[in-house]
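Going by Swiss-Prot, these are the annotated features:
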- Asp78, Asp80, Asp82: Mg(2+) binding site (BINDING)
- Cys79, Cys95, Cys102: Zn(2+) binding site (BINDING)
Amino acid sequence: MDKTIDDIDFEKSGGLVPVIVQDANTKEVLTLAYSNRESLELAKKTRKSWFYSRSRNKLWMKGEESGNTQEIKEILVDCDSDAIIYLVEPSGPACHTGERVCFHNELK
């Protein structure tokens, strides 16, 4: 079933929805971020990974500073319309630390 931005339940979590970013080819999870309506609209329009920074309270595009952009190939919405997956082709590391993925620390 196809969904539109109007179907997304932004209010469930205070205006934001979690976005899982996944490599479109390998299906590896690259990172988890959050989007508000405006950043999701930008992502859909530009096909680049846009998010809302909870710490800086502003929109940001992955790679705007590092150059490590992510081209969105597909946007998927979960069954409750309160979480999203961006399937992307990354141009470099996903993590701000320079690691390929953000999930590189094992919980012991």
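Cβ from N, Cα, C; glycine included.
Overlay of Swiss-Prot annotations on the structure.
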residue : record              : contacts (Cβ under 8 Å, 6+ apart)
Asp78   : Mg(2+) binding site : Ile84, Ile85
Cys79   : Zn(2+) binding site : none
Asp80   : Mg(2+) binding site : Asp9
Asp82   : Mg(2+) binding site : Ile8, Asp9, Lys12, Ser13, Val17
Cys95   : Zn(2+) binding site : Thr31, Val101, Cys102, His104
Around the Mg(2+) site formed by Asp78, Asp80, Asp82, list the extra residues of the same chain whose Cβ is within 8 Å of the site's Cβ centroid. Asp9, Lys12, Val17, Val77, Cys79, Ser81, Ala83
